[in-house]
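J.: Relevant sequence annotations retrieved from Swiss-Prot are reproduced here:
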type	residues	note
COMPBIAS	26-39	compositional bias 'Basic and acidic residues'
CARBOHYD	N181	N-linked glycosylation site
CARBOHYD	N195	N-linked glycosylation site
TOPO_DOM	1-47	topological domain 'Cytoplasmic'
TRANSMEM	48-68	transmembrane segment
TRANSMEM	75-95	transmembrane segment
TRANSMEM	128-148	transmembrane segment
TRANSMEM	225-245	transmembrane segment
TRANSMEM	254-274	transmembrane segment
TRANSMEM	303-323	transmembrane segment
TRANSMEM	337-357	transmembrane segment
TRANSMEM	397-417	transmembrane segment
TRANSMEM	443-463	transmembrane segment
TRANSMEM	470-490	transmembrane segment
TRANSMEM	515-535	transmembrane segment
TRANSMEM	549-569	transmembrane segment
Amino acid sequence: MELKTMPQNGANAGTQHNNNSNNKPDNNEKEAQKKEPERTNWSNGLEFLMSCISVSVGLGNVWRFPFTAYENGGGAFLIPYIIVLFLIGKPMYYLEMIIGQFTSQGTVKIWSICPSFMGVGYGQAFATICIITYYSSLLALTVYYLFVSFQSELPWSYCRDDWVNCVNSRPAEYVETLLTNASSALSRATESATNVTKLQSSSELYFLNVVIKEKSDITDGIGAPDWKLTIALFVSWVVIFLVIMRGVKSSGKAAYFLALFPYVVLFALLGRAVTLEGAVDGIIFFLQPQWGELLNPIVWKEAVVQCFFSLAVGCGPIIMFASYNRFDHGIYRDAMIVTTLDTLTSLLGGITIFAILGNLAHNLKVDNIRDVVRSGTGLAFISYPDAISKFQAVPQLFSALFFFMLFVLGIGSIVALQSTIVTIICDQFKTCKYWKVAMATSICGFLMGLVYVTPGGQWILTLVDFYGGTYVVFILAIFELAGIVWIYGLQNFCDDIEFMSNKKVSLYWRICWSFFTPIMMIVIFIYSMVTISPIKYSDTYFPVAGDVAGWVLFAVGAAQFPLWGWWYIRTHRHDSFSKSFMASLKPSEKWGPSNPETRRDWLLFKSDLAAKRAIQAKSNKMGFFRQKLYNLCGNSN
């Protein structure tokens, strides 16, 4: 029997007034679907899992999580982080996997579920581009440090003649030089305190003066790109292109190495780190909770930001990866594996890094480990190299391993983000060759990344990360969840999951998606915006023009949502604006599984549910709120 009309997505008209859908497949649509080329699938499910691990278990775990934790309560930060993981991270991650696999579409095309929300996809693409550009600059730094790690002596371990108040980072010499300089400084009565505080390690001065040639301010411009970092940036983009040039056929094979190799290095570093003197103190410092921080709303905000950053939620790569799955792939298992492994890796990375920093503090005779830690980029390229240079045995080997690990982690993250952009373009323009789009976007990524390898590049990185990445992703993730769960409807969405997985959706997911996840995200976002303060880099506030540029960047990303919604309503007019607006909130005729046969089965499945619920509604005669509770518990079938 051919289904001529689509019931209102199995929703009772009296109780699902917000969730109606009038999908009416016709012969023209079916013919169009048959003519479209089939989407490439992963060679096997393990490639998908490894790809998700490579993007979710990345720089966010080894580079960002440790200093975020110690800045927000140490071990106490793990409590809000784990709570946020279960109430926001896991639900959002699973939701994005589902929507990608169900539709076999990228970040923009999935919004046939609610066409006026297509701006969410474009806004996420904008944020993804911002993140890609500065991520690639971090890769350039890792390539540079990896290359110089093979010198007979690590170049950041000793001072240059023109570096004033510098202390060598060599093992024993560091402490000796520090004590000598401090003693000399203290002998100068009026200048003692000033000179002591000016002492800097050779690793810090090497990074600031030799590698990035940092400017103290950017009021007079950011300067020209450094030629060495430009070459390193170019090498990074060549590797990225080679990995993604054939789509999932090439990136899927590379995912095994990108996902597993970092663990080999991480465990090797952990094995070495825990044997160092002072390592236990560093680990205790990392895990020791500061309970008072649990009542600080900023800590909870940082937990959400870290969760999004680490899992790559809200940027599109999870949706993109899942869109290449078979329709019946078991993604629930994969979602649980990746989100759990991500948390464990963050803990592993934190313990490893703080064991090394504990040894650094021990060598420097410093009681407070906080005094030897720098946040942001400085953690990876100042604190870690400083600690590694003090290793007694072959520091070059551990340095090369560490920076190669960072490079692999960065490649895994950027490959996913870049593939998201390429997929969006190829989904929109079906005739485009994937490798040509990959090459064009890689060239654009390289050119945009040049701004970050200038003397003022770290200033720009801080600005773009704060305004173009963090907050844009945050607000669009709220709209993403609202569009799927509140507009399309929780029950409709759960019906689709049941059809795809042949299993009912548990109460945990229903409650999180409909209540806990969106409410927590909205409250934290509002608090963040109300309490936001001007950003600064290296204890220096940005000039007014910098803050203005940042807000413009945020506005451009966030404005994608209303602008594309307005465009859709204007180009799909009905009798009145109100009718056009309401129609834009309903799924289009393109919504649903992309495979024609699967789509036909889905329509029949939804039709049967609608008939059953109509009978139940007449016999039960439930009140509105009772029916809502009944649906929430998943007993409406």
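Quick reminder: no glycine exception, Cβ is built from N, Cα and C everywhere.
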J.: Among 128-148, 397-417, 443-463, 470-490, 515-535, point out the range having the most Cβ pairs under 8 angstroms from the transmembrane segment (549-569).
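T.: Looking at each of 128-148, 397-417, 443-463, 470-490, 515-535 in turn, the most contacts to the transmembrane segment (549-569) are made by 470-490.
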J.: For the transmembrane segment (337-357), I need the partner stretch with the highest count of C-beta pairs below 8 angstroms, choosing only from 75-95, 128-148, 515-535.
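T.: Result: 75-95.
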J.: Residues sitting near the transmembrane segment (225-245): Cβ under 8 Å, six or more positions beyond its termini, same chain?
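T.: For the transmembrane segment (225-245), the far contacts come to 136-137, 139-141, 143-144, 147, 211-213, 251, 254, 407, 410-411, 414-415, 418-419, 422, 434-435, 438-439, 442-443, 445-446, 449-451, 453-455.
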J.: Relative to the transmembrane segment (470-490), which of 48-68, 75-95, 254-274, 443-463 accounts for the most Cβ pairs at distances under 8 Å?
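T.: When the Cβ pairs under 8 Å are tallied, 75-95 comes out ahead.
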J.: What residues elsewhere in the chain lie close to the transmembrane segment (128-148), defined as a C-beta under 8 angstroms and at least 6 residues from its ends?
T.: 59, 154-155, 211-212, 228-230, 232-233, 235-237, 240, 315-317, 377, 380-381, 385, 399-400, 403-404, 406-407, 410-411, 413-414, 417-418, 420-421, 445-446, 448-449, 451-453, 457, 460-461, 464-465, 468-469, 472, 553, 557
J.: Taking the topological domain 'Cytoplasmic' (1-47) alone, what is its mean pLDDT?
T.: 50
J.: The transmembrane segment (48-68): which same-chain residues, six or more beyond its ends, come within Cβ distance under 8 Å?
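T.: Beyond its ends, the transmembrane segment (48-68) has Cβ neighbours at 42, 77, 93, 135, 138, 248, 251-252, 255-256, 258-260, 262, 266, 286, 302, 306, 309-312, 317-318, 321-322, 324-325, 329, 334, 337-339, 341-342, 345-346, 348-350, 352-354, 373-376, 379-380, 405-406, 409-410, 412-413, 415-417.
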